[in-house]
Each structure stands twice: as structure tokens, then as C-alpha cells.
Amino acid sequence: MIKKIKYLVILLFLFCRPVYGETIIPEINAQGYAVIDAESGQVLFGKDIDTKFEPASTTKVITALIVLEKSDLYEEVTIRENFTDIDGSAIGLLKGDVVTVYDLLLGLMLESGNDCANALAYHVSGSIEEFAELMNEKARELGAIDTNFKNPSGLPDEEHYTTPRDLALFLREAIKNTDFINIATTENKTISMINNSERTLTVNNKNYLINKNSEFYYEYALCGKSGYTMRANHTFLAAAKKDGNTLIGSFLKASDKEQNYKDMKSIFNYGFNNYSFIDLYNTNEKVATYYITNNERIPLFVNETIKYVTEKGNEDNLNYNLKIKDDDLSNKSFKKGEKILDGTIYVNNQEYIDVDLYAGESRDLRISSESSSDITKTTHKEEVNENKEEKNDRSNFAKIGILGIMVFIALRIRRKIILKRIKRKKMLMRKKKIMRNINKRKI
């Protein structure tokens, strides 16, 4: 009986455990991969995330990002060379064709056109080499320290490499741009040459995660880019959004293209089902009070939501705090909403992320100085008045003292006069008494 109860308790325990979907990280056919939270950049899980691989055409994500930053979508571009013989994929641009930057970006992201990549590089920088320098500068800016680019398309080169972590960072930045999202999610487009409307090229989106007619369609897919060369093998970079949370997955050196789509869906499902997305601080939330002086303080705010992702079940073990980097603000003026300080958020005693801190109130040093000046002037006047009053008091005391002395002298003189009168009166009385005695004797 006791054994039966024991087994029953165990079964109840097993069935009562929270279910989060897949509990084991899926097996991935890529040699290196990473899954990150798009908002924070936090790596959730992966394999060989900092190992260097050739990225093939996933390179085109950072190419598009730079072009969007440096050009207007509807700038006209004249194709300088005949790119029909270019290595790898191409949409068929010819020397002399005139198209827009927007058209070239469609060809770049939908059909993975290497001719579009080169045309855009020439348009922005004048050469492939100079554009590659821009790519490397952007990579460093985004914190991709293990990446180096040699061309805008991803053609094989020993010095053209990235890592799963770095590659995910490029898409993380790109999806902040709505033009990038619009281009990357376009199903198909017919491009007409500006200088010859009869000449057209049609481009179709090769990302099957967003193709509703594909067996690999994924309802939460946001955008993505695939790539292939014999050396790089199959590569894939994609983003998915569910319940307001966005994940980015990057695959490098995978063995099978179709398996990449299945694997990407698996890791996204695992991430969404097994991780909690926690708001540490919300946009425009007061996060601290900073003392400028002992008597003056200012509220500090963040201007974005700061998230942290943790495995489900670990939420109650999360401890976080903000450390402010001290700076002397006593001689500074600033407006409400202006960035005035830097801070670092620590989660479970580990440095997590640096944040900008914004003033919750304005501070005008000139007004403060004028107020101080007015106070000084008022104080000076009060001191002058006090000095005058003190002098008057001293003068009054002197007058009173002199008057007292005069009264004292007058009283002394009066006393002497009175005493003399009394003495004279006594003498007269004696004389009268003597005269009376003399008269009596005569009688």
C-alpha cells in the first residue's frame, strides 16, 4: 500500500510540473549557430557562437544596412559595368541600365543579386574596397569584433568571415529600419529600367519562411536571408516575432538548405516556449534619484524598455540593480529629457548592459546663479542695514551714557546745594538761639 502511494505521488509530481514545450535544445545541422534576443542583444543559446565562418550571401544584410544609411531609396543609379558574367547569383543588370537604389535593394535581398551588391557598393563608395571599409567600420560599431569583410556580396575570400554571434547582431540592427523590413518582406517585384521602360526584370523572395505557399512557412517569421558557396556551405539568418518579442537566429556552415528552414523554426519555437522576456525598466520610467549636491537632487529616467531574458522557472531568482557612473553636474545646465549620465545594469551581480540616463527635470545654471546673486545682494543689504543699526545702537548707548553722567553730576550739584542750605539754616537757628539767651541775661 505504501509503495502504491509513493508511486502515485511521483506521478502527480510529474504531471503537475509546468510544461513549456520542447525542453531540450533542438539538434541543428549548422556547425555554428546563435539565437539572440533582438531587443537586448542577449545570447540565449547556441553552438560555437564566436567561431569564425564564411557567411556567403548573409553578408548582404549589412550591405543593405549601410546603403539605407548612406543613400536615398529613390536615387538613380547608372550601372557602370556589365555584371552578367559576375560569379554567383545575379538578376541580370546590364551596363547602362538606370534603376533606383530601392530596385537594387530588392534585387539584393530577394534574389541575392551579386550584381546589385556591386552596383550599390560603387554607388555609395566608388569602389568595392572602400565599401568594404564601411562594412568593417559598421561591424565594429555594432560590437562585431570577430568579423572582417572584403566584398558586399559574400563571395569566397579567406579574409571575409564572421561569427554566429556577430552575424545575428547585423540583422538585429537592420530590423530597426522599417525600409529594410518592407524590402525584405516583399514577395515579388517587377523592376523597370528608368531609361528604358520596356526592359524589365522580375525578382522573387527566396526566403521560404515568409512564403505562405511554402511547406517551410512560419507564421512568426519576420524576415531573413540565406546564402551558399562551396566553401561557406549553406548559411541562414532570420528573425521571428511573437507576443511582442523578437528572436534572431543565425546559422553558419550548415549541410542542408531545406533543413535550415526546419531548424530555424525549431529554435524559434524553443526560444519562445522556454524563455521569459522580463521588463527590467520601462520607457520613461524613473529608475533612480541622483544627488547633484547635498541639497539638490534630480530624478533619472530611461528612454527605452530594458529587457532581460531568462529561462522559464528562473524568474523569481532574478536580482538586478542600476549603478550610476558619477559625474560632476554642479556646474552644468540641462533640459528635461536630456541625456546627462551613464549607468550600468547588473543582473545577479553580473554586468548586463550599459544604459543612457536622462534628466527628469530641467536645470538652468544661469537662473540658479541669478538667484544666488539676488540672495547675495539681499544678504549684503541686510548686512549693511545691520551695520547701520549697530552703529545707531552704539550712538544711542553713548548718548544714554552721557545723559546718565550729566544727570549724576546734576544730582551731585543739587545735593551739595541742598546740604549748604541746610547748613546755613542750622547756623541761622544757632545765631537766633544765642541772641535769645543774651537778651534774657540782660533782663
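Placement of Cβ uses the backbone N, Cα and C atoms for every residue, glycine included.
TrEMBL labels come from automatic prediction, so no person has curated them.
As recorded in TrEMBL:
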- Ser57: active site, acyl-ester intermediate (ACT_SITE)
- Lys60: active site, proton acceptor (ACT_SITE)
- Ser112: active site (ACT_SITE)
- Lys225: substrate binding site (BINDING)
- 26-254: domain 'Peptidase S11 D-alanyl-D-alanine carboxypeptidase A N-terminal' (DOMAIN)
- 279-362: domain 'Peptidase S11 D-Ala-D-Ala carboxypeptidase A C-terminal' (DOMAIN)
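Counting in whole angstrom, Lys60 (active site, proton acceptor) lies 8 from Ser112 (active site) by their C-alpha atoms. On its own chain, Ser57 (active site, acyl-ester intermediate) has Gly88, Ser89, Ser112, Ser153, Gly154, Lys225, Ser226, Gly227, Tyr228, Thr235 as residues at least 6 apart in sequence with a Cβ closer than 8 Å to its own Cβ. All protein chains considered, the CB of Ser112 (active site) has 26 other CB atoms within 10 Å.
On the 0 to 100 pLDDT scale, the domain 'Peptidase S11 D-Ala-D-Ala carboxypeptidase A C-terminal' (279-362) averages 92 in the predicted structure. Around the residue listed as 'active site, proton acceptor', a 10 Å sphere centred on its CB holds 27 further CB atoms from the protein chains shown.
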